[in-house]
Amino acid sequence: MRLKLRKEFFPFYSKSKLINHNTNHNYLTRHYRQLHSSAADLSAPATATATATKTTTDLVSLTRHYATCYWQLSKARLSMLVVATSGTGFVLGSTSAVDLSALSWTCMGTMMVAASANSLNQVFEVKNDAKMKRTSRRPLPSGRISIPHAVGWASSVGLGGTALLATQANLLAAGLAASNLVLYAFVYTPLKQIHPVNTWVGAVVGAIPPLLGWAAASGDICLNAMILPAALYFWQLPHFMALAYMCRDDYAAGGFKMYSLADESGRRTALVALRNSIYLIPLGFLTYDWGVTSEWFCLESTALTLAISAAAFSFYRDRTREKARRMFHASLLYLPVFMSGLLIHRRSDNQQPLEDNATSFVKSSSSAETIELEDENGNQKMERQSNRRQARPPVAYASAAPFPFLPAPSYNVP
C-alpha cells in the first residue's frame, strides 16, 4: 500500500521536485545578478574617477606643452626687457602722477606685440635655427609645434596687442607698436640673411619701445622723449657686437650675415662696440639740461658709461672670447642701472623750470584737452592745449659751452 501510494503520487512528487529545483535556480540567478550588479555599481565610481584623473592629467600635460611652446616662441625674457623699456618710457612721459592702470595696459599691449614679432621671427628662420646649436631645440625646429599653429598664435597676439594699445592708450602708441612689429619681422629678420646692416636696423627696432611708452603716457613725441631711445640704440650695438663675436661660428652655420663674420681679426667689431659705448657718455648731461632728471644723474650716468666703455676698450685691445663675454655682461648690467637712475632722478612737473615747451614732433589727437579762457571782453573762448609738461629747451651746440655735451647756458625769453 505504501509502495502503491508512492507510485501513485510519484508523478506529482517528481513535478514538485522539478518546480523546487527551478525555483532555487531562479533565486540563485537573481542573487548572482544582484551581486554582479552591486559589484558593477561599486566599480563604476572607481572607473569614472580613473577616467577623470587621466583626462585631467592629459589636459594639464597639453596645457603645459603649449604654454612652454608659446613662452619659447615669444622669447619671453627678451619680450619682458622690451616691456621694461616701454614702461620706463611711460613713466618718463607721465606727469607727476603716473596712471598705473594705463601703465598696465601699455605694458600688456607691448608684451603681446613683442611676443608676436619674436614668434614671426622664428617662423621665418625655422630652417636657419635648425642648423644652430643654441636654437635647434626651439619649438619649430624640434617639431613640437607646427608652423601654421605658430603663425596663428603670432597673428592673434599681434592684432590683440595693437588693438589694446589703440583702445587703452592712443593711436600713436598703437601705430608705433604695429610699425615696430613690421620692421622687426619683415625687414630686420630677412636682412639677417642678406647684409650686416641688419644689426643697425635691429638697433632701431630696440629703440622704439620706450618711445611707444612715452607716446602712450603723453600722446605726443618731443625732443625729451628721445633720451631713452638714443640710449637703447647706442647700447644695443656693443651688446650685440659682443654676442656676435662670441657666437660667430654658430651664426655662420645658420647662414646669418653678421658684421663679425667678415672681420676675422675682430678689430672692426670691437671698434664699433667701443665707438657706440662712447656715444652714451653725453646722454646723462642731456637728460639734466633738458629737464628730464636732476643733476645727480649726470654723475651716475657718466660713471656707468665709462665702465662699459672701459670694457669695450679692453675687448678692442685684446680680442678674445673672454673679453667679449665681459663686455657682454657689462652691457647687461648697464641698461637696468641706467633706466633705474632715470626713474629715481626724474623731475616731476612742479620741479621743472617753466620755460619754453620742448618741441613736439608728433602729437596724438587724444593728447590734447580743451580749456576755457576769457578774452578781454569777458567772453569765453575755447583753446586746445597739450597736456605735456613744460621742459627746458634743447642744448644750443653753438653756445659758449666749453664742451658741446655740457649743459648750455639757460636763455630767458623776455
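Going from the start of the chain as shown, residues are counted 1 onward.
Glycine residues also receive a Cβ, built from the backbone N, Cα and C atoms like all the rest.
Just so you know, TrEMBL annotations are computer predictions that nobody has curated.
Listed ranges 103-124, 323-344; the one TrEMBL annotates as transmembrane segment is 103-124. 103-124 is the stretch from 103-124, 145-165, 223-247 with the greatest number of Cβ pairs below 8 Å to the transmembrane segment (78-97). Counting residues 6+ beyond its ends, the transmembrane segment (268-288) has Cβ neighbours under 8 Å at 227, 230-231, 234-235, 237-238, 241-242, 244-245, 259-260, 294-295, 297-302, 305-306, 308-309, 311-313, 315-316, 319, 327, 342, 395, 405-407 in the same chain. Residues of the same chain lying 6 or more positions beyond the ends of the transmembrane segment (200-217) and with a Cβ under 8 Å from any Cβ of it are 82-83, 85-94, 98-99, 102-103, 106, 110, 114, 165, 169-170, 172-173, 176-177, 179-180, 183-184, 187-188, 191, 225-226, 228-230, 232-234, 236-237, 240, 362, 364. Across 103-124, 145-165, 223-247, stretch 103-124 shows the highest tally of CB pairs under 8 A with the transmembrane segment (171-188).
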